């Protein structure tokens, strides 16, 4: 069912919970719950049935709960000992038929729950005796049929026979005149049971997940029906008689084959909730428009292309789901639905939202991603309705402005030729010789160019149309991998540069394949152009063969990835086709114990990955920077792709003129040269742009979201500052990620001598102190450089020396370090509490520089080695596997993110040892050892079994932090597993892995142990697989620079 629980009016979503609550034992009755010692294990696996003995003097007990005991029979003397019993719970046992002793209770028993057993037959005599029964739950059994005697239960009001094997219902069902609630979902019915048409008192009916294929015309006889579930019933049409169900309030028709509704459907005037998701509607059903009382409407996953303007007539609508259709625009009248609280539009083709959209101010659940939005821009829409309102208000205040500007990223292996290609593309040819100043170098010959890190260039590609590219030259050196993902953003054009002169087919995975996986994981559906450089160094035949090989291997990689994902999606489908009880019966089953909801979420993710493959332009474009014709051909290609509106809608986005002016003012002298501005400095610029203070916030937020500047409104340390000079920030990042000891030492020596302005000089390859310098000081600085490159450690005052050309004051340094922490690049080892940083006191750790493979030995002293605890403690280990690609820099950034959660940490290159309070935790990264092996990242802790909750308490925040980081990679395929504690204790090299989805599910009721499939005789305590409370599966994304800056 589509929708989320929110508010009292979510009727259908709450009906099941309400029914379950109604069936729970009444608190004013005298109750008794009995449990067998050791009961609660898997009832399908345990060989011996437990025995229960009734205590004495229980004659006045009115409610008896014998559930979750693995019983095959009831205790001796049950019938004679309980003369006052009204409610009997026998759920989750092993009964193959109703125990005869239950018949002795028939004259006073009103409620019986025998769900989740092995019933294959009820027994006519026992059923006949239950003449006072009002509620009967037989769900989740193996019943092929029901006895005719069931129809004689004249007082029966609620009956649940869902999740059985019923192919038909007995004729006597028509005699259940008091039946108000009937649940027959997930059975094997092949037609709507005619017997039900006689049940005039029926108010709630669920016949979902049966192959009905049609409904009888006289279904109109069920005039009392208020709630009807027909999900997944293979219905193609509805009879006219259906429209006579005038009492209907909630109707579930999702997952059918409906293409239209009868005109008479509009007679269902009491309808408040309607789910038509996952059908075949191509047009919005006109019969819905007169349903003025409708409060929830779900039309997800259909084929709608438009929404009628008359939808404004549904004035009571609170929830509207229209996601994953083909809707190109919304009617202006939709803004009149001012009571809307949920509006889901993602996965459509909407480019422009109606004016006054901000009137929908009550919308709390808002989903709009995967639409080609240009007005308001995508970044504004993703922030929510208040930001859309501010944008539209500002657009009304000032003239709209369109500024065609596209982000272009040059990626590729080191020495691929990116920097030379950037120069050739962005600079005009000057005939004859070398130009100077603004003049361009000629094509022959080129001096060798090397990258100085990440560089940004503005390129006016077509002055007549004002089309500009912002060109990012991403360094190919591995040391920059941790910051490269920040620049990969939606709406950009990716140019993957390959050196054809050195390319060999065996090098494809490192020079092409890994980059495609990386971009696809970070930016699903991104547009990628493959450019081969140094074409002049290849023969004609060699050039053709290499280009064809790249093309062939790209196609093969895409084919293999898509087939792998399709297979995984099929496995999920097969698991969904099996009953949840069957999946939970055996740990050998795929997706053991995983709920249908989690499986559907998994399937949706696989479908998303399959539907959002990279858009790789072919063929490979060979280019020589010495050939002006080839360069011009590449320019023309890039321009033609950029101007494709369906591929790059953001190129034509419309902004309020005041927002554009504000951006331009930030980059004009004198403020353009500063590293940052205070919020009040930006506010003054806002006034010049015509923005009052209350309208400035939305403008700054948009400029941040779109990557023009950095403004962290959620950060106490940074919210009073605006980082507008991104070029200088990138220069600063380059300083930290040049792993060249000579360059770093040279910068420090310049800094100590006050010669920081020599940044643009050509550095010597070996830093030698000048005669005027103190050799002791030079030695000390060399020691700092060595510590940085080996252990990632730098004190704040040395960082200031490194950044002296950029950092003028202590406040600059403090803000910059706060920014680097927010980016996840470093953390402070000893930040003073309650007072500002003292330059020489604070030390910073850059995890990406740590070289020692494992943490220092002293961290493992005093019994803290997990391996050494195998005989006295149970180990918890959560493992993430990455079959296609491991996000570059993820482990380093993760080690920063968890710093606030841990103490006494010791870092290795691939491992972190630390404590959460007094509980040890270990985070380990294991790179893939071969093409077929995945990269893995695991989080582990240990404790004795009675205290295992402390281990869960230790690792759960770390798991959630990792989940937050992984949200930055929406196209990434990865799996999560809980490793078997017993296997780990045995030292198994290949421990069994329970599905990670169990982390977000509550512990199964009444189950104490789970069998490990790797060793059928070994049982794992349920507390070693399920956390005490479910973890957050999709935590709210934290506002961090890694997510925001990449949207430039």
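The first residue you see is number 1, and the count goes up from there.
Yeah, the Cβs are placed from backbone N, Cα and C, and that goes for glycine too.
The annotation domain 'Roc' is assigned in Swiss-Prot to 399-645. Swiss-Prot lists 597 with the feature N6-acetyllysine, giving similarity to another entry as the kind of evidence. For 60-360, the entry in Swiss-Prot reads region 'Required for interaction with PJA2', with the evidence type similarity to another entry. Positions annotated as repeat 'LRR 1' by Swiss-Prot: 60-81. Per Swiss-Prot, the feature repeat 'LRR 2' maps to 84-105. The repeat 'LRR 3' annotation in Swiss-Prot covers 108-129. Annotation comment: Swiss-Prot describes 132-153 as repeat 'LRR 4'. Positions annotated as repeat 'LRR 5' by Swiss-Prot: 155-176. According to Swiss-Prot, the repeat 'LRR 6' annotation covers 178-199. Swiss-Prot lists 224-246 with the feature repeat 'LRR 8'. What Swiss-Prot records for 247-268 is repeat 'LRR 9'. What Swiss-Prot records for 270-292 is repeat 'LRR 10'. Marked as repeat 'LRR 11' by Swiss-Prot: 293-314. Per Swiss-Prot, the feature repeat 'LRR 12' maps to 316-337. Residues annotated as repeat 'LRR 13' in Swiss-Prot: 339-360.
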Worksheet item: In the repeat 'LRR 9' (247-268), how many residues does DSSP put in helix, strand and coil?
Response: 5 helix, 3 strand, 14 coil
Discussion item. For the repeat 'LRR 8' (224-246), what's the mean pLDDT in this predicted model?
Written reply: 95
Fill in: the repeat 'LRR 12' (316-337) - residue tally per DSSP class, helix then strand then coil
5 helix, 3 strand, 14 coil
Discussion item. Around the C-beta of residue 597 (N6-acetyllysine), how many further C-beta atoms are within 10 angstroms, looking at every protein chain?
Written reply: 13
Worksheet, complete the sentence: residue 597 (N6-acetyllysine) falls, by three-state DSSP, under helix
